[in-house]
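Colleague: What TrEMBL lists as DNA-binding region is A:43-62. The annotation domain 'HTH tetR-type' is assigned in TrEMBL to A:20-80.
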Number of protein chains: 2
Amino acid sequence: MDEAVSATAGARVPRTERGRRTLRLILDAAAAEFGERGFHEAGISRITQRAGVALGTFYTYFDSKEAVFTALVRDMSMQVRDHVAPRLSGTADAIAAEGAGLEAFIGFARAHKEIYRIIDEAEFVDQASFRTHYQSTVDRIVTRLRRGAARGEVREDIGEVHGWAIVGMNVFLGLRYGVWNEDGAPEEIAGTVNAMLRDGLKP
Amino acid sequence: MDEAVSATAGARVPRTERGRRTLRLILDAAAAEFGERGFHEAGISRITQRAGVALGTFYTYFDSKEAVFTALVRDMSMQVRDHVAPRLSGTADAIAAEGAGLEAFIGFARAHKEIYRIIDEAEFVDQASFRTHYQSTVDRIVTRLRRGAARGEVREDIGEVHGWAIVGMNVFLGLRYGVWNEDGAPEEIAGTVNAMLRDGLKP
């Protein structure tokens with residue numbers, strides 16, 4: 001799917017730079033509103049107040065509260081990906097890359113604690129977006145590890161089950177050490193898990 | 001905490017066998033109702049209809065929809081534990097026990113698909129019960145693995161981070177292969193992850 005389109009799924013795509021900035025304001029305000037009040041209590045007029053835009057401006061981009069929520073889940077999913085991706089390159093091997101990715105993710109969760117509230121609530125509000133977020137995360141990890149397998153860095157039979165196991169680990173470590181309580185340095189937490197992964201997936 | 005009390009947290013504890021059966025009917029009906037409709041759409045009168053008990057009977061045990069939800073999360077948490085526990089004994093070592101536990105959990109998730117709907121919604125409806133469920137699951141795993149470490153079966157420095165990583169793996173594998181799609185035999189899925197854990201946590 002075209003990235004520019006998928007970034008604004010559920011939203012009409014702005015054609016101008018000014019439009020893109022306005023959409024960004026609305027999505028950030030929606031993250032704050034849904035993160036703080038949850039989907040059911042959140043309101044479109046509260047989102048526009050937070051964003052400092054007129055109610056009519058909201059409807060230029062979105063038809064409903066459901067539409068902005070769907071766009072927000074997609075947006076947060078891509079924010080995570082974009083935050084983690086640069087940390088993956090330049091690492092020693094496929095396992096080190098996953099370790100750097102987890103460390104970056106825990107840091108992201110600490111800075112964006114609302115992400116769990118929003119993506120987890122998608123399980124109830126927008127099941128399709130919830131599944132897409134996790135399936136695409138799994139797909140990226142499996143692809144990276146299979147490339148590592150081709151280079152002889154990890155076992156050859158990397159499959160979906162490994163991908164789901166690793167995503168589950170990362171999600172729960174981000175919840176526990178990113179959102180609930182920031183005890184422990186992200187690099188140490190990621191290091192502990194990465195040592196397990198390195199021995200566990202060795203060729 | 002006393003198990004008989006914790007089993008009915010949020011509920012008044014029935015003193016007779018008949019009372020315990022009635023409470024069981026209400027909790028099972030609540031699982032069906034919350035699992036199908038979610039917390040916000042669920043209704044006490046619909047729960048009593050499903051259970052085949054009078055509305056007044058409900059209030060003998062619970063004060064509110066919140067109270068029965070809290071009791072249900074605790075009840076499901078203990079159902080998982082009680083379903084998994086017998087499978088852990090008689091296994092070759094600590095790692096094999098965790099593998100048997102994951103296999104049993106995937107089976108439980110297939111038979112009780114509503115468990116995710118209910119426990120995950122607790123993140124929004126009853127955060128304390130949500131945290132208690134996962135923290136106690138982590139505690140049990142860490143305790144078991146440390147006993148294994150004392151027997152020389154796994155590395156000595158097992159800690160909370162390992163516990164959260166394993167719980168996360170299990171939860172996501174249960175969601176993907178238990179609730180969303182039952183492709184793959186639970187023993188094969190658990191076997192794949194257990195091989196990773198065995199090498200990853202070796203002494």
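Every residue gets a Cβ built from N, Cα and C, even glycine.
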Colleague: Who are the long-range neighbours of the DNA-binding region (A:43-62) in its own chain, taking Cβ under 8 Å and residues 6 or more past its ends?
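Modeller: Beyond its ends, the DNA-binding region (A:43-62) has Cβ neighbours at 8, 10-12, 14, 22-23, 25-26, 28-30, 32-33, 37, 68, 71.
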Colleague: Just to be sure I understand, if DSSP states are collapsed into helix, strand and coil, how many residues of the domain 'HTH tetR-type' (A:20-80) fall in each?
Modeller: 53 helix, 0 strand, 8 coil
Colleague: Report the mean pLDDT of the predicted model across the DNA-binding region (A:43-62), rounded to a whole number.
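Modeller: Summing pLDDT over the DNA-binding region (A:43-62) and dividing by its length gives 97.
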